Amino acid sequence: MNVGIIGAMEPEVKILREAMQNPQTLTKAGFTFYTGELAGNTVTLVQSGIGKVASTIATTLLIDNFAPDCVINTGSAGGFDPSLNVGDVVISSEVRHHDVDVTAFGYEIGQVPQMPAGFAAHPKLVAAAEQTIAQISDVKTLVGLICTGDIFMCDPIRIEKARSDFPTMLAVEMEGASIAQTCHTLNTPFVVIRSMSDIAGKESPQSFEEYLETASINSSKMVVALLEKLTAVSL
């Protein structure tokens, strides 16, 4: 399978990049794409940068230039479910924007006009990710809603509003929904797999930086194991 992998920050892509065999690089619009073999698949890896605009551009370039069969977004997130701890993993069943509000025109909270309210991850990718993580790790793994916004969620007022708007949200981050929206538009299956670097309402920039490496190691490990399983999956 031809798989595209996107991570926002250097620690989130470094481990995967170093594990690739016969890597080749291509730079487009300031983004460096690494193509090679990883766990029995052809893989193209890119560090998108942080936020929705950067990740949208990176995803568009990835799909347009490399035509992956699917896209995996990996990296860290802030946990919203109270049962989650640092290092635990959330797999997206659906991804939504938490910082979009066009409800004045009849749209759902988080819904971009002319787009679905949420973007569903491909069920085969979700199932494969869930099975993989259960086999290789004893960390808690939840499957459900991940929300995205251009906000580092450490303000209690913003956190409570997000909880009110999206009561089933398991985790929050800054790229997944824009990647998902781009994949939806360009008809490419996707899944988001995030390891918790902090827990919303408890985190600070210091705690995020402290646990980012742990989250990056965990998420990279999950992606490699998922790639091994994808050799037998047909989308």
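Placement of Cβ uses the backbone N, Cα and C atoms for every residue, glycine included.
Annotation for Glu12 (active site, proton acceptor): same-chain Cβ neighbours under 8 Å, separated by at least 6 residues, are Gln47, Thr74, Gly75, Ser76, Ser216, Ser219, Ser220. Sequence annotations record features per position, and here Swiss-Prot assigns active site, proton acceptor to Glu12 based on sequence analysis.
Feature annotation from Swiss-Prot assigns substrate binding site to Gly78, Met153, Met174, Glu175; the stated evidence is sequence analysis. The number of other CB atoms found within 10 A of the CB of Met153 (substrate binding site), across every protein chain shown, is 21.
What Swiss-Prot records for Asp198 is active site, proton donor. The number of other CB atoms found within 10 A of the CB of Asp198 (active site, proton donor), across every protein chain shown, is 25.
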Legend entry - Rounded distance in angstrom between the Cα atoms of Met174 (substrate binding site) and Asp198 (active site, proton donor): 14
Inset, instruction - For the recorded substrate site, enumerate neighbouring residues of the same chain (Cβ within 8 Å of the Cβ centroid of Gly78, Met153, Met174, Glu175, site residues themselves excluded), in sequence order. - result: Ala77, Thr148, Gly149, Ile151, Phe152, Val172, Glu173
Legend entry - Spatial neighbours of Glu175 (substrate binding site) that are distant in sequence (at least 6 apart) but have CB under 8 A: Ile6, Ala8, Ser48, Ile50, Gly51, Lys52, Ala54, Ser55, Asn73, Gly75, Thr148
